[in-house]
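Just below is one structure, and these are the notes that go with it.
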Amino acid sequence: MSPQTETKASVGFKAGVKDYRLTYYTPDYETKDTDILAAFRVTPQPGVPAEEAGAAVAAESSTGTWTTVWTDGLTSLDRYKGRCYHIEAVVGEENQYIGYVAYPLDLFEEGSVTNMFTSIVGNVFGFKALRALRLEDLRIPPAYSKTFQGPPHGIQVERDKLNKYGRPLLGCTIKPKLGLSAKNYGRAVYECLRGGLDFTKDDENVNSQPFMRWRDRFVFCAEAIYKAQAETGEIKGHYLNATAGTCEEMIKRAVFARELGAPIVMHDYLTGGFTANTSLAHYCRDNGLLLHIHRAMHAVIDRQKNHGMHFRVLAKALRMSGGDHIHAGTVVGKLEGEREMTLGFVDLLRDDYIEKDRSRGIFFTQDWVSMPGVLPVASGGIHVWHMPALTEIFGDDSVLQFGGGTIGHPWGNAPGAVANRVALEACVQARNEGRDLAREGNEIIREASSWSPELAAACEVWKAIKFEF
């Protein structure tokens, strides 16, 4: 072996296993503006110190492996390694800690959510030293977020396209979600749109099944949109689900939607994958299509409080990957969602600059540097009695989506849509007049129902419906 080779590969190398904290726990590190910062909820195995567990997360999600390797000498570990720079105990929880990890920007491919997640959460969650691990939040630096296109259009461009301002948008998921023929499906779409809704929606698992192939559904839904627009004088849309088994098929469906003149398509971004979603978002911007995002499968990832990933991280990732709408819970309906935490990630979707606020689960200040915003969609077990609370909680820049709360109306789809539109307009007018929606909401709905028989019928049907489990 030549002396030169010894210097590169052998000198200073000592085989064996050493504690991660000796290399990856760096409490004196000052984070850089270009670092991606992560907050992990760490539950170590019994006997594993918190510092070692935090350092293990930093190591296994960046440059580390289980043993010392001689090839470490061929690069600069100090430049590329992740660093656990702070650990704090979680108040009220035994043996749980928040570990803060800083990742150098060079570890990540530009414009790739796929690569970012593969690095940060791809392997470390199965690590034996950890009983459980949850990614609570990420700080995406402008140096990285500017490598992404983001949403195809954003909130303001969507409002301009639709010519609708000063109120939340109204939607409806067509039910039953599976089993209708394409023509009957289109009829249901038409009735909802002519009744006053802005959008109707394919459910997440409506793709191209034997009872209703995608092309037939797209054609009948386009016919319904044009007919409803002609009758109401308003711009309408239906979320045509382009999700498919391959990216090529997905784009083919989006192309056909554009050829029909549809204003919006839809994608299941978690089951479809971030690479597919980003590809579709780029196509939508280039071709003037809005993109509605469904979060099917999210609860598999985010529901456990000590393991997985909080939805605020998935929401940030979606804003980077691209989408104009995303489902965000309701706070008041059938699906789980705590108010302050929900509003925290709603702000992360819509706003340009969001301050750190631990009471709302926001661990880092996030600057999106003018990346377009995403409309949060409230959907799941909501009806007309929820309208005041939804209007107050989500504000104007949102989509309120009533599936059963429209199609379950005793008089049919169109009266169900009328009831929702009247309830929304009443709440917006009351709010603009200075009334308190949280305190006077039921009274506002009753007043409106006195002159709207459709709303009165809806109020009677759902007056006692609650989801308390």
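Every residue, even glycine, has its Cβ placed from backbone N, Cα and C.
Over in Swiss-Prot, the protein carries these features:
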type     : residues                                       : note
ACT_SITE : Lys175                                         : active site, proton acceptor
ACT_SITE : His294                                         : active site, proton acceptor
BINDING  : Asn123, Thr173, Lys177, Arg295, His327, Ser379 : substrate binding site
BINDING  : Lys201, Asp203, Glu204                         : Mg(2+) binding site
MOD_RES  : Pro3                                           : N-acetylproline
MOD_RES  : Lys14                                          : N6,N6,N6-trimethyllysine
MOD_RES  : Lys201                                         : N6-carboxylysine
SITE     : Lys334                                         : site 'Transition state stabilizer'
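Taking the features listed in Swiss-Prot, we show where each one sits on the structure.
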residue : record                       : DSSP (3 states)
Asn123  : substrate binding site       : coil
Thr173  : substrate binding site       : strand
Lys201  : Mg(2+) binding site          : strand
His294  : active site, proton acceptor : strand
His327  : substrate binding site       : strand
Ser379  : substrate binding site       : strand
For Arg295 (substrate binding site), list the number of other Cβ atoms lying within 10 Å of its Cβ atom.
23
To the nearest whole angstrom, what is the C-alpha distance linking His327 (substrate binding site) and Asp203 (Mg(2+) binding site)?
12
Are there any residues at least 6 positions away along the chain from Lys175 (active site, proton acceptor) with a Cβ closer than 8 Å to its Cβ? List them or say none.
Asp203, Gly403, Gly404, Ile407, Gly408
Between the Cα atoms of Lys177 (substrate binding site) and Glu204 (Mg(2+) binding site), find the distance and write it as a whole number of Å.
8
Counting all other Cβ atoms within 10 Å across every protein chain shown, which of the binding-site residues Lys177, Lys201, His327 scores highest?
Lys201
Ser379 (substrate binding site) to Glu204 (Mg(2+) binding site), Cα to Cα, whole Å, comes out at 12
Checking your reading of the structure: which of the binding-site residues Asn123, Thr173, Glu204 lie inside a 10 Å Cα sphere centred on His294 (active site, proton acceptor)?
Glu204
